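Annotated in Swiss-Prot:
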DNA_BIND  18-57  DNA-binding region
BINDING   92, 93, 94, 95, 96, 97  NAD(+) binding site
């Protein structure tokens, strides 16, 4: 992403992979052009937001014609660095971590988990989903230039592990623990607490209708 594109709103940046995935499906089906209304219906983002998102990148479409699928796909592939592979490490090979290793982002050609770490001696030295599992105590011996880590460890251990990751040059952390981690300002961290998300969903189901949210 170039300097100008790095200034786009974070909400827009989060939607780009969603657009890219849908465009890949369109391309595979042989569709040559798509309207913002069709995109809106597919990705569940209103068409005005899609047009505004796309406007940050200049003229990507033509009024009355829509968007050329091949052009958009090529543009977003370059914007999202899809031709460069990002190696990710995973800390914690429990149930959730194991699921990640078996899945290993098979739909994302540019992202893969290259190694995992755990403290369980029965898992150390094995492979899960084709990914080698190393001793967490040897973390510093294995991390080279991997920029991203996924945390699926007990909350009590999350901060100390995070401190080690930061000292090793990790730039981004996907945190699946309930802990709210303290990191330096230059570190990007995304918290995903599945229990909180589920509780929030149940609350909205009980107290809000879908129509009320739309209004």
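Note: Cβ is positioned from N, Cα and C throughout, glycine not excepted.
The Cβ of residue 97 (NAD(+) binding site) has 24 neighbouring Cβ atoms from other residues within 10 Å, across all protein chains displayed.
Most Cβ neighbours within 10 Å, among the binding-site residues 92, 94: 92 holds that distinction in the structure as shown. In sequence order, 152, 176 are the residues of the chain that are 6 or more apart from residue 96 (NAD(+) binding site) and have a CB within less than 8 Å of its CB. Cβ-based crowding with a 10 Å cutoff singles out 93 as the top-ranked of the binding-site residues 93, 95.
Excluding the listed site residues 92, 93, 94, 95, 96, 97, the same chain places 98, 99, 100, 118, 152, 153 with Cβ atoms within 8 Å of the centre of the NAD(+) site Cβ atoms. According to its DSSP assignment, residue 97 (NAD(+) binding site) is helical.
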